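Peer 1: Questions regarding the structure given below will be posed in turn.
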Amino acid sequence: MKENSIVILDFGSQYNQLIARRVREMGVYAEVVPYFEPLDKILARKPKGIILSGGPASVYIEGAPTIDKELYKQGIPVLGICYGMQLTTHLMGGEVARADKQEFGKAELIIDDANSPLFKGIPNNSKVWMSHNDHVTKMAEGFVQIGHTDSCVAATYNKDLNIYCIQFHAEVTHSEHGTDMLRNFVFNVAKCEKNWSMGNYIEETIKNIKETVGDKKVLLGLSGGVDSSVAATLIHRAIGDQLTCIFVDTGLLRKDEAKKVMEVYGQNFHMNIKCVDAEERFLSKLAGVSEPEAKRKIIGKEFVEVFNEEAGKLTDVEFLAQGTIYPDVIESQSVKGPSMTIKSHHNVGGLPKEMKFKLLEPLRELFKDEVRKVGRELGIPDHMIDRHPFPGPGLGIRILGAVDKEKADILREADDIFIEELRKADLYNKVSQAFVVLLPVKSVGVMGDERTYEYTAVLRSANTIDFMTATWSHLPFDFLERVSNRILNEVKGINRLTYDISSKPPATIEWE
Ligand code: GLN
C-alpha cells in the first residue's frame, strides 16, 4: 500500500502537515520526512511523487537546508512549493534573490500554460496565497514559466524531469483552487491510485500487530482520551486478552470518568482493564502545592510511579503500547528551531524511556481526524470519540492554586453541568474545548436571605483549528443563562460564575 505514496520533504514550513492531510484526504498515503533524510531512504519508500515544502530559510544563505540534486533525476515527479520552488531553481542553476518587498496574502495567479496537467480544470485567473520574501529572478535551464502574478514568476515546469514549482501555497484554503492543483499533481502527474482508507489501515495494522506481538503481552495506559482509547481498541482487536490496560484514577478526573471508561471499554468491548484508585496518593502529594508547574510535575511523577507499580505486578509483558499520533512524530523530528516551553507537556501518559519495554504505537501514522475515523469504524461510541481534549494533569490544573478533594468534587459537578448543557443544546461539537475552572477566590453572595461566602468559577470555551491560536466561543446568552442558573443552584460551594472572554494569545486555553 505504501508504494502508492507521496513523500513530503519538510523544510520547516508551518503548513507541511497540511500538505500531507490534503493528500490523504484524496485517498493517497502521504508522509512528511525531514529534508535531510538520505536519498536512498527516500527512494526505499518508493514514492510516486515528492513534494518539497516551504520553509523559513533563504536558499542563497550559507548552510540553508538543501537536498541531494540526484533526487530530481529519479524519474519521480517533484512539486516544489515556495522554498521548494526556490531551492529547485537554485540547485538547477537559476537565480533566487530577495524581492523588493515581501509578499504576504492573496495574489492573482494568471496561468500561462492552460494545457499543463497541473492546471487541468483550473480557470486562467484565480486567487492564490503567497508568503515569501525571496523570489525567482532567473529560471533554471530547462524550466518554462507556466504561471505568474503581477509581481513574480508563480509557477514553472521542467518537462524532461517532470518537475513543477509553485511560489504560492496551494495547500491552504485561501488558495481558491489549491486543492485541485495538488489533486492534479497527485493523480495526473504522479499517477497515484486512491487506496488510503481507514478500513485498509485497520486491517493492515491488525495484521502487523499480530505479527509483531506474537504470543507476548502488551501493556497500555488507558486515559479515556481519544488516542489511547483508539489504540487500545485496535490492539485489543488484534490480540484480545494479551492486552492489559491500566487506568489510573488520579482523583483529578471528570465526573464518573472511571465508570464511563469501564463501561465502554470493559463491559462492552471486554477489554482487560485494571482500574487503580489512586485518588488519595495524588491528593496527598498535592496538598498545599499551588505553583502550576510544580503541580504538573508532581502529577506526572506520581502517574509514572503508580503505572510502574501496576506494571510490576504483571509478568511476561514485552510491549508498552501508546497512542502516539502523527503530529507528535513530525513535531519530534521537525527541522524547526526549539520553541519555548510554555507549559510542560500535557500528556501524563509520557512514560520514561528507561522502561524495559518495546514500544507499540499503532497510530503513529495518523492525524487526529483519521484516529477518530478509525475509532468510529471500530465501533467506539460517538460520545467517546468526539470528546474535547482533556489535559493529563486533569482537574489538577483547572483548580487554580492548591488542590483538595472538596474543590475537586465541586469542580466535577459544575463541569459536568456545563458539558451536559452543551451537548443538550447541540453546541458541544461546535466548540473545540469547553470546561469549568475553579478559582481560589471566595466572594459574598446571598441565598434564601442568608449571606454566603463561596468560590468563584469560570466557564471557558474556545474555538480553534490547531490549538495554537484560539478565540473564545460566542455562546448564546440564553444558553449561558441556563448554565449559570443550574450551576449556581445545583453546585454547593459556588456562588459566582463568570465567562472567560480571552483569546489565545495572549491567554492560553487552559488556565494553568
Ligand atoms: N523563506 C522563503 C522566502 O521568504 C520561502 C518562504 C516560504 O517557503 N513560505 O521566500
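Each Cβ is built from the backbone N, Cα and C atoms, and glycine gets one as well.
So TrEMBL has the following annotated:
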ACT_SITE  CYS82  active site, nucleophile
ACT_SITE  HIS169  active site
ACT_SITE  GLU171  active site
DOMAIN    196-387  domain 'GMPS ATP-PPase'
BINDING   SER223, GLY224, GLY225, VAL226, ASP227, SER228, SER229  ATP binding site
Peer 1: Of CYS82, HIS169, GLU171, SER223, GLY224, VAL226, listed as recorded positions, which ones have a Cβ less than 6 Å away from ligand 1?
Peer 2: CYS82
Peer 1: Within its own chain, what residues at least 6 apart in sequence put their Cβ under 8 Å from the Cβ of GLU171 (active site), listed in sequence order?
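Peer 2: In sequence order, TYR15, LEU18, ILE19, ARG22, ILE81, GLY178, THR179, LEU182 meet the Cβ cut-off.
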Peer 1: ASP227 (ATP binding site) to HIS169 (active site): how many Å between their Cα atoms?
Peer 2: 30
Peer 1: Hey, of GLY225, SER228, SER229, which of those binding-site residues are within 10 Å of HIS169 (active site), Cα to Cα?
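Peer 2: Checking each Cα against HIS169 (active site), there are no hits.
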Peer 1: How far is it from GLY224 (ATP binding site) to CYS82 (active site, nucleophile), counting Cα to Cα, in Å?
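Peer 2: Rounded to a whole number, the Cα-Cα distance is 41 Å.
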Peer 1: Considering the binding-site residues SER228, SER229, which residue's Cβ sits among the greatest number of other Cβ atoms within 10 Å?
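Peer 2: Result of the Cβ crowding comparison: SER229.
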Peer 1: Other than SER223, GLY224, GLY225, VAL226, ASP227, SER228, SER229, which residues of the chain come within 8 Å of the ATP site, judged by Cβ distance to the Cβ centroid of those residues?
Peer 2: LEU222, VAL230, ALA231, GLY323
